[in-house]
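Here the structure comes first, spelled out in structure tokens, and everything after it is commentary.
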Amino acid sequence: MTESLSDAQIQYHLIVSRHLVFAPFSILIYDYALTFEQEVTRYWGTSLTWGTLLFYINRYSALLGTVPIVVEYLLVTDDSNKICRGLQMYHQYFALMSQILVSVMLITRTYALHERNKLVLALMITVTVVAIINAMVLLLAIRSPNTLSPVLRSLGCPSASPHALSQRQAGGWSGMLVFDVMIFALTVYKSLKYGTRGGELFDLLFRDGAMYFGILIASNVINILTYTRGGPVLSGAATSFTNILSSVMLSRLMLNLRDPSLRHRQALRTRTTSRLSTTQDSAAITTMQPYSGSDIALDTVYYDSEHSGEGEGHVRWRTDAPICSD
């Protein structure tokens with residue numbers, strides 16, 4: 001696998017692979033420091049709901065779960081085979097679980113945007129299950145032999161993957177790319193269908209969603225290219241980069257949903273349009289309520305057929321029961 005590469009080339013590829021772990025981990029810590037105050041003011045002290053629980057799991061599993069991966073690339077040990085095998089397996093399973101968590105949160109968000117449409121939910125779950133099964137089959141059935149010499153393994157636990165294995169692993173990540181594109185398409189469809197009638201909250205969901213999926217799809221493409229074009233050492237080197245970006249962008253989306261200024265603007269909009277009393281021949285959209293009990297509750301916004309072009313209508317806020325109360 002590495003016969004076509006000189007020792008200098010292998011060392012260079014190892015350095016690049018380490019940077020693709022250390023750089024996003026630095027971004028993760030930096031973003032955590034930047035948004036910690038927002039987390040305290042918008043999440044701490046509130047009732048524990050499914051929305052807050054998912055937020056904490058996503059945020060802190062990325063922050064703490066990436067530490068063993070950093071150790072994997074910095075470890076110095078005399079018993080590298082035993083220790084490195086465990087760290088490498090942890091890396092693979094952690095990447096899979098991170099993507100499953102992100103998928104669950106995005107399914108919940110998109111299900112809310114589409115008014116609890118069962119067909120949309122069935123489509124998302126089907127694509128997700130197929131992608132996860134595909135990834136798990138590859139993860140459980142494939143073992144990558146470590147062919148690097150002891151000299152080159154003096155720092156960390158690098159491994160080399162044969163080209164055929166890398167191609168199959170790229171296929172596993174392609175399933176997640178299909179999922180991301182599907183969620184993005186569903187979000188764009190909802191936005192184009194209702195245009196500016198969704199108000200501040202809907203605009204925020206589309207803006208953050210477009211930014212999130214634009215970055216995530218690009219990072220997934222880069223990760224797949226490392227499998228198909230990166231060579232034996234760089235194969236999959238951008239996996240941590242993709243997982244960390246997924247966690248950071250999703251945390252930002254959930255923090256923005258609890259922005260007090262968003263709530264204020266939505267309340268003003270509600271008071272301004274509360275004079276409308278009819279909902280005959282109206283269209284309804286469903287959005288995520290940023291201050292509801294579950295963070296993923298649904299709010300139905302009705303638009304009068306005579307005023308829908310102005311984006312006027314009624315807003316009904318709903319609060320779901322929390323998991324537990326303070």
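Cβ atoms are placed via backbone N, Cα and C, with glycine included.
TrEMBL annotations: computationally assigned, not manually curated.
Note on the domain 'DUF6533' (22-64): DSSP counts are 36 helix, 1 strand, 6 coil. Look at TrEMBL and you will find 22-64 tagged as domain 'DUF6533'.
Note on the transmembrane segment (12-36): residues 5, 59, 62-63, 66, 69-70, 73, 152, 155-156, 158, 230-231, 233-234, 237-238, 240-241, 244-245, 247-248, 251-252, 255 of its chain, located 6 or more positions outside it, place their CB under 8 angstroms from a CB of the stretch. Under the heading transmembrane segment, TrEMBL lists 12-36 (among others).
Under the heading transmembrane segment, TrEMBL lists 48-70 (among others).
The transmembrane segment feature in TrEMBL is assigned to 90-107 (among others). Packing against the transmembrane segment (90-107) from elsewhere in the chain are residues 54, 57-58, 61-62, 65, 68-69, 72, 121, 124-125, 128, 131-132, 135-136, 139, 176, 179, 183, 239-240, 243, 246-247, 250, 254: each is 6 or more residues past its ends and has a CB under 8 Å from a CB in it.
The transmembrane segment feature in TrEMBL is assigned to 119-142 (among others).
Positions annotated as transmembrane segment by TrEMBL: 170-189 (among others).
If you look up TrEMBL, you'll see 210-227 (among others) marked as transmembrane segment. Note on the transmembrane segment (210-227): residues 166-167, 169-170, 173-174, 176-177, 180-181, 183-184, 187-188, 234-239, 241-242, 245-246, 249-250, 252-253 of its chain, located 6 or more positions outside it, place their CB under 8 angstroms from a CB of the stretch.
Feature annotation from TrEMBL assigns transmembrane segment to 233-255 (among others).
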Do any residues, 6 or more residues outside the transmembrane segment (170-189), come within under 8 Å Cβ-to-Cβ of it, and if so which ones? 99, 103, 106-107, 110, 113-114, 120, 123-124, 127-128, 130-132, 134-135, 138-139, 205-206, 209-210, 213, 216-217, 220-221, 223-224, 227-228
